[in-house]
Amino acid sequence: QRVVLMDPSEDPDDILRANRSREKTFVFDMVFDHRATQEEVYVSTTKSLIGGVISGYNATIFAYGPTGTGKTYTMLGTDCEPGIYIRTLEDLFKALEATAEEMDYTVSMSYLEIYNEVIRDLLNPSSGFLDLREDSRGNIQIAGITEVSTTNAQEIMQLLTKGNKQRTQEPTAANKTSSRSHAVLQVMVTQKSRRQAIGEEMRIGKLFMVDLAGSERAAQTQNRGKRMKEGAHINRSLLALGNCINALSEKGGSRAQFVNFRDSKLTRLLKDSLGGNSRTVMIAHISPASTSFEESRMTLIYAYRAKNIKTQV
């Protein structure tokens, strides 16, 4: 359960800095090494959330980390090693079918990306930039997004793979196919009891699966011009997310923290799923390379903070 981050620049013969080691230990719920399979990662991070979604809680899964550490692989996976998206949905459909005798259910999903603070629909890219609106009950809606209702995991895999090809990817010095946007898969499960009862209750559970863009120093990617501007936007939304996480994790403290969800489109969209009745998993990815020591350290600190969030239902 612990990660020990060694400092690659430490010199054993350097007597002056002998006591000032930058070696850090972080403790998490679960730590995987390079031998972990997709199945293992899924079972120990996400599988337990599905029951919650069916009973009307929200759940969110983040993939966070620097470029090239395998976020998209964890979330989308490949055809022979499917990632969290598909495994979660397959299990969700299985669990829903088990309740089919008593419940009518609908599952609708949308797949979007947030790029330079604008929202694009990945299932229908020609629809241009979409707006975030708030309806009368305070739910955040995306005007004009395509919603797909299907309970076939194969169809969904094809849709997601197609949608992922529409994602804004640009080569940077750190990674040939670096995702320059945050991809959000939003699944909404609505259940209604088949028995005609007096108090008709509907359960709505939202499941967000977020593949964040890479968080890395501009110096590492050697970005100039347009790439540099994108990087600034990516870092801005990740910073906004970080600020929300900080405010939420300090909420039990002495002063009442104001949580600024309106700083970026990403945090506004995930407002329900960070605080409130939601279970959130953050899968932090780090690279074992000694050149990315700084990035790994920042990622671990960020994820460690997220661990301290206490939610009130």
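Note: Cβ is positioned from N, Cα and C throughout, glycine not excepted.
Look at TrEMBL and you will find 1-309 tagged as domain 'Kinesin motor'.
Residues annotated as ATP binding site in TrEMBL: Gly65, Pro66, Thr67, Gly68, Thr69, Gly70, Lys71, Thr72. All protein chains considered, the CB of Thr72 (ATP binding site) has 21 other CB atoms within 10 Å.
If you look up TrEMBL, you'll see 162-181 marked as region 'Disordered'.
Annotation comment: TrEMBL describes 169-181 as compositional bias 'Polar residues'.
Considering other CB atoms within 10 Å as the measure, the emptiest surroundings among the binding-site residues Gly68, Gly70 are those of Gly70. Here the binding-site residues are Gly65, Pro66, and the one ringed by the most other CB atoms within 10 angstroms is Gly65.
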